[in-house]
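Student: For reference, the structure I am asking about is given below.
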Amino acid sequence: MYILNARFSQNISVVHPEYFFISGLSGIPYSSYYYMFLFFIYIVAVIGNSIVLLIIAIDRSLHSPKYIGVFHLALADIGETNALIPNMMKTFLFESQYISYNACLANMFFVYFFNTIQCVSLVVLAFDRFVAICLPLRYHAIVNNAVMCSVFSIMWMLSTFLVGLTVSLVTRLSFCKSNEIQSYFCDHGPVYRMACNDNSVNSFMAKLNTAVYFAAPLIIFLSYLCIFFALSKITTWEGRIKALKTCVSHLLLVGVCFLPIICTYIAAIMLSLSTNVRVISTSLAYAVPPMLNPMIYVLNTAEVKNFIQTVIKKKSASIDQGISD
């Protein structure tokens, strides 16, 4: 789509459109049902992760290094879904596909920022499992609440810097031909490729962000190689299974978070994906993990299940006492 009615703000050779047009799904009948499905995922994700945050905040037994990581993961899940899905509802269900230039950059920042925090949280949780199994006698010396809080503070600052730099460099681009973003949000790649001036720096930042993103599963994979090697030294199968059970929830989270994106990325390289296929695959890859993450921890973590059972028992006892009185 060519810019016909947009008002431009121009600084020397840099031309910024007043609005971008987000294409989303095109030529697909009843696509509104898909966006409603994503909204259902959003509701479940927000409720589920809010419950996880509340449980960790209330139960003092969960104030441990591992659950500091889980807390940050749930926080990132809520942040990402709020940055992505409500804006999609406004854009496509209410046919408001124009987004202002500044709002576009803000949307780009928050989606990528919280996605980065998700990756960081999973890496830190992998480190926690690595130390717990490979260096059990030194676990409390290496991994404690103060260390975890410091690590996450540093990671939040680094993520803010990296994503902020990536987004801020978009402002040096001039958009003098098209303002149509071939995506479902203000995606960095489709935006910088529309520029009609030199975008080599933006291309480098895109590659750097991709490399950082895919470094996360690589680090996790290497940590689990060390974990499996340590498990092989345990003499009994019962001991191996007991130690491995502590990693099941984390492994499921890693698979849910990274496998869809990795598969989509490989498919995009090997095949020529249409815009609609890319929109559906990547939107599901962003939306589904935040919904599944709290379910995985509730169903697979004994501490969380014990807390929920205790609360239910107390409520049932108070109700029974009220009835008897």
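Cβ from N, Cα, C; glycine included.
Heads up, here are the entries from TrEMBL:
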- 48-297: domain 'G-protein coupled receptors family 1 profile' (DOMAIN)
- 33-58: transmembrane segment (TRANSMEM)
- 109-130: transmembrane segment (TRANSMEM)
- 142-165: transmembrane segment (TRANSMEM)
- 211-231: transmembrane segment (TRANSMEM)
- 251-273: transmembrane segment (TRANSMEM)
- 279-299: transmembrane segment (TRANSMEM)
Student: Test of understanding: applying the rule of at least three C-beta pairs under 8 Å (pairs 6 or more apart in sequence), is the transmembrane segment (142-165) touching the transmembrane segment (33-58)?
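Tutor: Between the transmembrane segment (33-58) and the transmembrane segment (142-165), contact is absent.
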Student: For the transmembrane segment (142-165), what are the same-chain contacts with Cβ under 8 Å, counting residues 6+ beyond its ends?
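Tutor: Answer is 63-65, 68-69, 72, 109, 112-113, 116-117, 120-121, 124, 127-128, 131-132, 135, 205, 208-209, 212.
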Student: Give residue numbers and ranges for long-range contacts of the transmembrane segment (211-231): same chain, 6 or more residues beyond its ends, CB-CB under 8 A.
Tutor: 115-116, 119-120, 122-123, 126-127, 129-130, 133-134, 162, 240, 243-244, 247, 251, 254, 258, 261-262
